[in-house]
Amino acid sequence: MLLQLCYQMLWQTQTRRLLFYSLISAFYMEKPKTSHLELKKAFVLSFLIPPLLLFLLLNPQSSSSSTSSSPLLGPFSHPLPLPSSSSSSSSSSGAMWPGIKTETGLPEAPSVGQPGFLSFSSAYTSTQSGQLHYSYPSQGKPRSHPPPPFSFSFSSIILAVLLVEGVRFVKVSCVCLFQRVFLWDLDETIIIFHSLLTGSFAQKFGKDPATVLNLGLQMEELIFELADTHLFFNDLEECDQVHVEDVASDDNGQDLSNYNFLADGFSGSSGGGGGSGPAGVPGGVEWMRKLAFRYRRLKEIYNAYKTNVGGLLSPMKRDLLLRLQSEIENVTDAWLSTALKSLLLIQSRGKCLNILVTTTQLVPALAKVLLYGLGEVFSIDTIYSATKIGKESCFERIVSRFGKKVTYVVIGDGRDEEFAAKQHNMPFWRISTHGDLVSLHQALELDFL
């Protein structure tokens with residue numbers, strides 16, 4: 001009886017029910033973290049459907065004839081019957097609570113001199129065995145109401161399907177965060193590096209070959225020094241990965257704050273780390289775990305210094321880097337600064353993403369990105385190395401990650417990315433001269449791309 005009383009009090013008013021449903025829906029569905037139109041629709045859908053579904057599934061159908069109408073669901077029965085005029089009275093003791101039944105067979109208490117709402121009947125006798133010995137005051141003929149049952153209707157099934165579709169829509173919208181993804185090549189597209197070493201840049205643009213070559217050699221030295229000293233290139237050169245997360249599944253989450261990478265016996269070469277060695281067999285569980293540790297630490301270093309690579313260099317090397325950046329920018333006619341305008345414009349859109357796909361190995365590519373000041377444009381999870389699998393396979397991985405509904409634009413200077421773009425039916429923007437970068441920025445400003 002106490003449980004029934006609590007149940008009926010909980011469902012006494014529609015306001016309490018709606019509040020209850022709102023709390024459930026707010027707890028059930030997490031708010032999206034983006035402000036895109038698709039996620040706004042999914043957010044509204046996720047908050048609208050659960051209350052409607054729960055209302056139909058949990059709204060008990062009363063045997064009372066009194067009904068109400070909802071503008072969304074149509075007629076529905078109140079969980080508690082409304083008191084009729086015959087059961088209402090202006091008696092000083094108050095009206096009886098609707099929906100609370102009296103036990104059958106119990107005598108009615110006299111209506112005069114009632115001490116309160118809940119009292120024992122003065123007509124109680126010991127002959128009423130097997131019954132609950134209490135009664136309620138009444139101002140008329142008390143009516144007995146069975147506990148309201150739960151009902152399942154065709155509308156409930158329809159709303160259940162809508163709920164499933166709503167959750168699916170939220171998941172799809174969370175995946176499709178971007179409308180357009182730009183796939184960039186690195187060397188000779190965003191930065192000038194490889195052509196400095198080969199002399200092709202000096203020959204093509206009429207620069208002094210000795211000066212250009214000297215700048216390229218000094219930058220190359222900085223790149224490999226950073227990669228060897230801080231980015232584990234000595235360990236990872238022979239076990240290069242396409243993406244920094246490729247071996248994350250082998251990481252057991254061990255705390256690496258006090259981990260000694262120099263003393264764990266890991267060797268990235270195929271001939272190192274024998275079966276009896278501390279690092280285990282290359283490709284084995286122990287070896288893969290230590291490999292995953294290095295890539296996790298690599299990711300931490302990149303994220304910590306992506307806007308301050310000078311913190312990884314000595315004061316002398318930091319001054320050298322600043323001088324090289326300035327001289328390369330002068331000799332290349334502000335090539336990097338011009339490319340950065342397009343990169344930052346794409347980044348500022350909110351619905352677009354820059355992806356870097358380079359034929360350089362992953363670790364030296366990360367060192368290049370840091371030393372050329374591109375860390376705040378490319379997060380480490382948007383950098384892919386095509387050294388092992390080629391650009392066509394890299395593009396395929398990116399499409400599987402972001403979906404086929406996204407528009408992809410490939411920007412590069414070589415035939416590899418052009419052929420890969422053609423294979424995937426992606427538009428290709430060729431970068432051959434400084435003017436191509438200027439035209440690219442103008443096209444982006446005019447929303448042609």
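Backbone N, Cα and C atoms are what each Cβ position is placed from, and that goes for glycine too.
Predicted automatically and left uncurated, TrEMBL annotations should be read as such.
Listed in TrEMBL:
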- D185, D187, D413: Mg(2+) binding site (BINDING)
- D185: active site, nucleophile (ACT_SITE)
- D187: active site, proton donor (ACT_SITE)
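Taking the Cβ of D185 (Mg(2+) binding site) as reference, residues of its chain lying under 8 Å away and at least six apart in sequence are, in sequence order, V357, T358, I411, G412, D413, G414, E417, I431.
Note: the Mg(2+) site is recorded as D185, D187, D413; in the same chain, L186, E188, T189, I190, H194, T358, G412, G414, E417, I431 also have Cβ atoms within 8 Å of that site's Cβ centroid. Sequence-distant contacts of D187 (Mg(2+) binding site), defined as residues of its own chain at least six apart whose C-beta falls under 8 angstroms from its C-beta, comprise F193, H194, S195, T358, T359, T360.
When other Cβ atoms within 10 Å of the Cβ of D413 (Mg(2+) binding site) are tallied across all protein chains shown, the result is 19.
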